[in-house]
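Novice: Shown below is the structure under consideration.
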């Protein structure tokens with residue numbers, strides 16, 4: 001059987017040519033996918049992959065961190081799984097072409113193909129595995145960031161904070177609203193919290209229930225809750241559904257809500273004379 005040293009030597013001897021061939025292939029594939037990346041990026045990816053191959057031939061477990069880094073980089077620059085799979089398949093074609101150019105005896109050529117594939121296949125499998133892990137982590141972080149943006153608590157005056165809500169409110173988002181409210185009240189030492197629902201399209205029984213719960217939770221940590229943005233259609237819906245908001249201070253606009261919040265903290269907005 002052909003030794004690892006023979007495989008290493010074959011890849012090393014053809015490294016520069018393989019690097020150029022695969023870099024050119026990546027550029028061609030990127031044009032089909034409309035990726036806007038520099039030539040240096042593709043050259044770096046090609047070099048990293050060939051280095052991983054060479055390192056793995058010496059020690060099968062030595063390139064684990066490099067494989068993870070390559071997969072993470074592919075995710076970060078936006079390369080799709082399809083692009084990655086096609087690119088790796090093209091690399092094997094280029095490698096096979098180089099073996100044919102050597103015009104090795106059939107037996108020797110077969111052994112070389114088998115031996116290279118022994119390293120090539122597990123590496124590719126691990127790259128796809130690490131790509132999936134990196135992608136899931138990235139999506140998870142993006143989801144957390146979006147969740148934070150979906151219920152931000154903003155300090156507007158000393159001891160007064162506003163939570164502007166836009167879009168529908170489901171159970172999961174309601175939990176985030178509650179969590180951010182309670183943490184924010186403590187963090188900003190809020191005395192009054194305004195929940196602005198101007199951008200909430202529908203206020204049904206469930207949404208109202210979540211708002212009442214949030215208001216009660218804010219009261220329990222020593223602050224007062226004020227609901228702003230009660231549009232006429234929402235007011236009508238609340239009345240028709242028999243929703244009791246008597247324990248919550250309500251205002252039809254955020255401006256009036258802020259004026260009330262200032263009054264509740266012994267302040268007011270005044271006009272300066274000329």
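Placement of Cβ uses the backbone N, Cα and C atoms for every residue, glycine included.
Relevant sequence annotations retrieved from Swiss-Prot are reproduced here:
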type	residues	note
DOMAIN	150-265	domain 'STAS'
MOD_RES	171	phosphothreonine
MOD_RES	205	phosphothreonine
Novice: May I have the DSSP-based helix, strand and coil counts for the residues of the domain 'STAS' (150-265)?
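Specialist: Tallying H, G and I as helix, E and B as strand, the rest coil: 55 helix, 27 strand, 34 coil.
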Novice: In the structure shown, which of the modified residues 171, 205 has the fewest Cβ neighbours within 10 Å?
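Specialist: Comparing Cβ neighbour counts within 10 Å for the modified residues 171, 205 gives 171.
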Novice: Pop the Cα-Cα gap between residue 205 (phosphothreonine) and residue 171 (phosphothreonine) into the table, whole Å please.
Specialist: 12
